[in-house]
Every structure is written in C-alpha cells, then in structure tokens.
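Undergrad: Just lifted these from TrEMBL, have a look:
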TRANSMEM  7-27  transmembrane segment
TRANSMEM  47-67  transmembrane segment
TRANSMEM  88-108  transmembrane segment
TRANSMEM  128-145  transmembrane segment
TRANSMEM  157-178  transmembrane segment
TRANSMEM  198-221  transmembrane segment
Amino acid sequence: MALIPSQVLRVAILLSYFSILCHYKALDMPAHQTYGGSWKFLTFIDLVIQAVFFGLCVLIDVSSLLTKGGDSREQERQLRKLIGLRDWMMAVLAFPVGAFVVFTFWSLYMYDRELVYPKLLDNFIPQWLNHGMHTTVLPFIIIEMRTTHHRYPSRSWGLAAVCCFGVGYILWTCWVHQVTGVWVYPVLERIAPVARVAFFSAMMAVIGVFYVLGEILNSYIWEKPHTEKVKGE
C-alpha cells in the first residue's frame, strides 16, 4: 500500500502548479508586457498544460468517489470520456512537452545559459521558481505515470498529434518574430536562417523521441509486472 494515496499526491501537485503560475504571472518582467505576453514561452504553455492535466486527474478522482456504488450508466459513460481525455493528454502533451522543456532548457543552460536563460532573469525569477518551471515538471509527471495506468493511442496518431503541437508552436514563434522583429529565445537570434530551420527540425525530432519514450516507459511500468504475474501462476 502506498505511503501517500495517489489522490492526495495529485491534489498537492495541482496546488503546486497553481502556486508556480500565480508567482510567475506576478513577475514584473518586460517580456510579459510585449506582444504574446507569457504565452510566447513554451515553459509557460507547459505549466498551463500540466496544471490542466492534473486538474483533470483530480476531477476524475472526485467524480470516481461521487459515482462509486452508483448504477448510472450515463455517469459511467461521462467518466470514461474524462479518463480517455486524461490518457490522451498524458500521452500527447503532459509527458512529451514536459520532458522536452526540462531536457532542452537544462541542456542549453549548461552549454551557455545566455542562449536560453540570461543572467538578467535572476533579478526577476527566484531559483525556487526556476526549478518549479524547469525541473520538478518531469518527476511530477513520472509520479503520475507510476501511480496510474494510462492508455496510449496508436503510435502513428500519437506522433502526429505531438508533431501538430510542435509545428503549431514553431509557427507561433515565427509569427511573434514577424510582428516584433525579436525571437522569443536568444539562441534563435544567434544562428543563421538555414541553421534555424535545422534547429527547429531537430527539436521536432526530440519531442517525437520523448513521445516514444513515454509510451515505452508506460508499457514497462504497467505491462511487465502483469506479464511476470501471469508467468508465475
């Protein structure tokens, strides 16, 4: 039996995301006042995705408790729809986007932080908030994957959905540059147009890899114990 019920963990994680988002939005940063505001940053979009995802998880937990012992088929049907949406969000958005943000941010940060997180930002963003946005996302989503079995869509449909999200964000980034003349991330200012295309392509490949890794990890966690149990019977 788990030391902490998964329902309690989800509520705690959801509250932590609310806290992070509130503190982030309260920051008096010049970038928040320009075109696109916070929504031009993938980190902020990912925080919203994670908050919505865990909010949906908590909603399902509450709904399950309220409908437990009932015999309403309509309630069960609506609950199954919510569970399907939760599993889709985990597969297509929560895990791959969250893992992508953590991996790319810290990889660029360790190479040259000025490419993604200039020292100037230390005057606005405290260290705990930086880690809340760029570090704890991954362990939180792995905790959810470990405590709940999520059904993944077919790999082709899942990868297509992830690619649509990635292309959509790239187009949004290009549009912000078209309007403001400034790239959202400093790294894009420092490379030539051809290299920029290669960079975007590489990032699309990386997020696709994280989708497949999430699918493999989910299968490893939930299918291996079942297989071993069957063999031992």
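The backbone N, Cα and C atoms fix where each Cβ goes, and this holds for glycine too.
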Undergrad: Tell me if the transmembrane segment (128-145) touches the transmembrane segment (198-221). I count contact as 3 or more CB pairs below 8 A, with pairs 6 or more residues apart.
TA: yes
Undergrad: What parts of the chain pack near the transmembrane segment (128-145), using Cβ distances under 8 Å and only residues at least 6 beyond its ends?
TA: 9-10, 13, 16, 19-20, 23-24, 43, 46-47, 50, 54, 57, 90, 94-95, 98-99, 101-102, 105-106, 117, 214, 217-218, 221
